[in-house]
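Structure first, commentary second.
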Amino acid sequence: MDQFYQKNASLYQSLVKAVKKPTRAHGTPTSQEEGNQNMVVSARIRPFLEDELNAGFPCAVFPQNAQAGAKTVIDIHDLYNHPKGRPVLKSFNYGVDRIFGTEATTEQIYEDLVKDLIPFAWDGGISTLFAYGQTGSGKTFTISQLERLAVKALMEGDLPGEKEVYLTIIDLAGNSAFDLLSSRSPISILEDSFGVSQLKGAEEYLVQDRAEVMNLIERAASFRRTASTIKNDASSRSHGICRIRIKDVASDTEGLLYLIDLAGSEAARDIAVHGADRMRETREINISLSVLKDCIRGKAESDALLLSGKRKQGQKAPRVPYRQSALTKVLKHVFDPSGGHTTKTVIIACVNPSLADVSPTKNTLRFAELLRVPAPKIGKPNFKPNSPVTWTNAQLQDWIAKNSGTPPINGSILAPTATGAQILKLPARDFETLCLSTDGVSIDQARAFREKLWALHIDSLHNDGRSQDSAGQSAAANTGSEMKSSSQDDGPNVEKLLFKERIRPGMVVCVKKPVGTGETVGTVRGLTMAMILCPTSALDENHRMSLEAKPNPGKAAYLCATVVSTPSAKAYTLHPWEQVVVDVTDMENEIILEYDSSSHNYYMVL
Ligand SMILES: Nc1ncnc2c1ncn2[C@@H]1O[C@H](COP(=O)(O)OP(=O)(O)OP(=O)(O)O)[C@@H](O)[C@H]1O
């Protein structure tokens, strides 16, 4: 095939020149707004390498617009051998959210796609960056440069709050996992009893500065298993996963930043010269990429359904088969729809420009297209003055002008186009940073103003969150928010009983004196809260011993999970892994908390 392309290079170029002005690809977005802001699929076309230029292959990849960043369609022209005449040109086009041509620098890609992932993870979200593509298409080049920029922003970017940063770097080859920070020693991927994926045996480094992180990344790179291929002498045949865990010291919550260099999917002609082992390895890589695609799509569809509020009662959530490969098992919190995490994902499909690689390039871009799930269309709610989710941008701006204190926060900076529902989804840090752009506004004013907006939102959900508007949707559904009580009694008459006579799993109780030891106690604004898990009589002897729960004849006691405050004064979060034993006599009263699915926090019902 290579010879066919080389022989017909000038015919190919004249046929490409004669192609009419490209038209927009079928199924691609008409505007940026239709893209999904939390799941961006992009493509990077690497420049020709010297040996490719010397070999004389023409370019087969043509972005429809020459400007870096904001383009959505790539044309691919391929040459087919016609049995009865001269070769014919066949053209294809693929839609992605952003395209970066051969001239684009990694710094441009960072600014356009990756920059926002860092504060998002810093504020407790899960940010993931994937690079994938054919062997030799520039994945490692792209990820390693982006890694450098991300680490600089993370360690020296002046992000607010006291955080601890932990680094783990592993690699996955087939179903085996290895710790790249510990001489590539084997590790296991396990799910603990709370369903959280654990990398058993992997070292996690608490890092202090940029140089230390970069040294560890360098060390890990040298351990990446490599095997030579025709295309690239240093081809990675495993998925490299860099996990940065960012722990908020005050609230004990955490965010995650994943930087993932996926294994190269080899072209068939490359595989042909390798043995059976390499073919099996390639098959395993392709299976894991296929599961990854299903998970990315499933998660995006699940988020879209939640945000659109169109999920009908009893309707099953889209399937996210994260247990089907080691790669997606490790990334369980990114994909598990029941995990309730807020996520931002960026995918960079790397492609070679050369006609010699046109087939794998088409596969890569087809794969990229499959990952795109359009942003949810959110129904237009009826305006209610006390319900932020119903506000248009003009109504939101009006409220900001009248309620943001002195000096008034500039609404056209804070929310130039956002509706009320959209501003509620803005992460706390972004919200505060935008408030601080108005001269004279202090961080306290910004925080108090956000609290005020959220208090109004929470009250509106309490008051009429479940009432239907004229469009047939609840206001809560329009933000993806749905307030659900933390636990419910079975049957109507139980409420008449004293709370101690109806203790049940899921009930949150206020405890008279601090329970447990030290930091694990959930003391919240003078209260100590705990959620009932089970009576201690249900625990086996070993478990009881490990909790130091001494048998206390005549006194009932319960195993409880702690409930702790978050940086937002009104919101609480549950720590099921921090367990304490509480005697019934130490429980003062029941506390009803409500869960808000848009912020993933609990709020107290006053
Ligand atoms: N944008 C770019 N500008 C200049 N050179 C590049 C660019 N992208 C990649 N290269 C070069 O192309 C070659 C292959 O890149 P790289 O090793 O990153 O590919 P890869 O997709 O990670 O391959 P594999 O999966 O086999 O590891 C390298 O020599 C790299 O320096």
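Placed from the backbone N, Cα and C atoms, the Cβ positions cover glycine too.
TrEMBL labels come from automatic prediction, so no person has curated them.
As annotated by TrEMBL, domain 'Kinesin motor' applies to 38-374. What TrEMBL records for Gly133, Gln134, Thr135, Gly136, Ser137, Gly138, Lys139, Thr140 is ATP binding site. According to TrEMBL, the region 'Disordered' annotation covers 464-492. Look at TrEMBL and you will find 468-490 tagged as compositional bias 'Polar residues'.
The number of other CB atoms found within 10 A of the CB of Gln134 (ATP binding site), across every protein chain shown, is 24. Looking only at other Cβ atoms within 10 Å, the busiest spot among the binding-site residues Thr135, Ser137, Thr140 turns out to be Ser137. With a CB cut-off of under 6 A applied against ligand 1, the binding-site residues Gln134, Thr135, Gly136, Lys139, Thr140 are reduced to Thr135, Gly136, Lys139, Thr140. According to DSSP, Ser137 (ATP binding site) sits in a coil region rather than a helix or strand. Neighbour counts of Cβ atoms within 10 Å were compared across the binding-site residues Gly133, Gly136, Gly138; the minimum falls on Gly138. Taken together, the residues in the domain 'Kinesin motor' (38-374) have a mean pLDDT of 82 on the 0 to 100 scale. The Cβ neighbour count for Lys139 (ATP binding site), using a 10 Å radius over every protein chain in view, is 26.
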